[in-house]
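Colleague: My questions will all concern the structure given below.
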């Protein structure tokens, strides 16, 4: 990590261009923004991991109800603390870029919505998801009856094999027929 | 052994990756391997979350599975794999190692493919950065979400469309006339009726001392000094132009340019709405996926503002509550008694009749206003400056008033009709659309009745020469006035209504400000406004070739006015407008406008006699005759071909063939729907079968482990099938499953 954006040499730049859906300008901008989060002492370390708390301060994520989940999903840290290094940061931006495929987006969306990390979206996951979307995370905005009716409807629409949970294939199937997904699952720096 | 078959299906099954794959997954993998195109749906087997999905190897079969997967993954670029950056690098290095094994020819091919792809990406990137207003629209998207974004990108589309139409008219109609002085060309005008009363066209430029405000009147009404300029049809009194190289038939070009711009608009709009239409159709055919769409795709990840995020939350809550309520209402409606139904239907009938009466009253008032205005203009009664302007603009004023009052009336009436909330919104919109677009039609109809009405005797020249020596210019002037007035109203409402409202609500807290509330950006009304303007442009472009350029400038300015109003005055609407359905809605309304615009143009081209005193069609009876006259000059073969195309036999057979095609497609869609429901049932069955088999295996496993070791080892040495361990740390005993050998048919 250097003080100026030109420290990201062209070799690495073209490698990142090949491995992500971002353009050169987007990668350089991401580098600039990431560099601001790195404290001065650590600027010479190549794979410094920015803490989750600092990532959550980014204006693009600050008011996003899924910000903690995003950090946890894209983090490759062994400590599972949600810290991101520059590679993870680029992965995150690539998945949310305009040119990412529907498959990539739905894959990561599934894991972001999977609050319990058990590989499926069960009733509890869906309940937490609805709470994130409609109210403060700890306070439920819908009544218990409404929530039950809503989750029953969601499962009726998306659970194909009727096992009470939505797995990745079912999720991707539902998303492929959802017209709003591509336009809303997008973050641009 | 009976206990094996009596399995409680709700018994807890430990998580296993095989459960999550639809049946015949292996056959699917094999099918994919044989076809070179990898489907983009199921790469989940090697997801990022390896704890459950990773395959910890153990057998030869597993290696084969890996090989198959690897060869599949090689088809796709590295960045489409859902892995971390480190893993993607590893995959890429592996592939480049493999690529080095290839011959020089293979390597060269791969390199060129990669280079071309990179070039294409760069080019696309450059093109998209050239798009008009890219940063502005992105700003709006971040603050207000994708619903309002769709309005502004629609506006951008209209600007570009109008520019293209203007370029079309300019190149084929204006440019030949403009370059006449620079090339040695001759104009031919056949003045056969020279001297007859039909070809008298008095000049309308003001003579003598002209007062300043009369210039403004002229500018706003398209009369006076503007009348005989490039602006209006009447100026193009040229039939053919003789260039040194050949002859340019301007009359024919004028007609063909009109047809061309209508066709270009149609094709462009249809192309743009194709994707939205498909999705809407799918959504309606299948059981509404509205809940899944709202929950999984409901959050706009581009929101960066806290207030907007809160608003999004509350609007999502509102939407969900509305949908749930709608479901409950539907269930209640099914329980309605016959008496209730009769009551509701009769009430609806009465209200619909009332709505039609109101519409008829509006149309009649427009007709009266138009006739009055035309009379005043004819009589040249000059009261004073303001009254003159009002007389000129009377039809526009009446239309705007009607378009302002009727939506309020409709939204009040719809409350009594007891429809579901979603249908209420849609129905009110349909009524407003109908009102707006038909009012233009009524205006044109009243103009037409004035033009072709000469009192008791039949018209001498086919139209009322005494009043309208050049009726096309007059129609063009009316369209010009409508456009200008529309623009003035939009700007005036923003400045004089929305800004004060914002000031009052912010600085003067009172009952009035609470009741009135902050301005919401009402998308449907705004869209209707600009579609109305575009319809006028399409109709008027035939009579006023510069009108598309005026509309381009008008929409360009409206973009900035609306953006300013949005940012300063408005808060996002609490009634959210879904981005996907909005695109379809905008383009659908635009198509209705286009089809409505075609009617007056067709009628005036084909039916009404063209002016004898002005315009390119002086030598013809109707404008359409220019085309038929030039067809007659074509070689005989082409003539018979064109006549055959326009004959009734061809039209009828074409109609029959397209009906057949439509029925075939509808039948195909119905068959597909049946297949889909069958497949869904199959999937459910397949899931249940899997549960059953896995429970059976569990039981068999428990039984075999309970038996002494000796028999256990015997059973293990017996078989050749390989095993793999499911990687689930939560599960105390490792679940040993037979991994299906690919060659055997284990299709569930």
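Quick reminder: no glycine exception, Cβ is built from N, Cα and C everywhere.
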Colleague: If you look at how TrEMBL annotates this chain, which of B:393-416, B:417-440, B:441-464, B:513-536 comes out as transmembrane segment?
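Modeller: My reading of TrEMBL: the transmembrane segment range is B:393-416.
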Colleague: Any idea which of B:322-344, B:345-367, B:368-390 is down as transmembrane segment in TrEMBL?
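Modeller: Transmembrane segment, as annotated by TrEMBL, spans B:345-367.
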Colleague: Between the candidate ranges B:231-250, B:251-270, B:271-290, B:291-310, where does TrEMBL place the transmembrane segment annotation?
Modeller: B:251-270
Colleague: What stretch, picked from B:157-180, B:251-270, B:345-367, B:649-671, has the most CB pairs under 8 A with the transmembrane segment (B:584-603)?
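Modeller: Comparing B:157-180, B:251-270, B:345-367, B:649-671 against the transmembrane segment (B:584-603), the winner is B:251-270.
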Colleague: Hey, which bits of the same chain come close to the transmembrane segment (B:251-270), Cβ under 8 Å, at least six residues off its ends?
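Modeller: Apart from its flanks, the transmembrane segment (B:251-270) reaches 161, 164-165, 168-169, 172-173, 176, 236, 239-240, 538, 541-542, 548, 587, 590-591, 594, 597-598, 601, 605, 616-617, 619-620, 623-624, 626-627, 630.
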Colleague: Mean pLDDT for the domain 'TMC' (B:470-580), as a whole number?
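Modeller: The predicted confidence over the domain 'TMC' (B:470-580), as a mean pLDDT, is 83.
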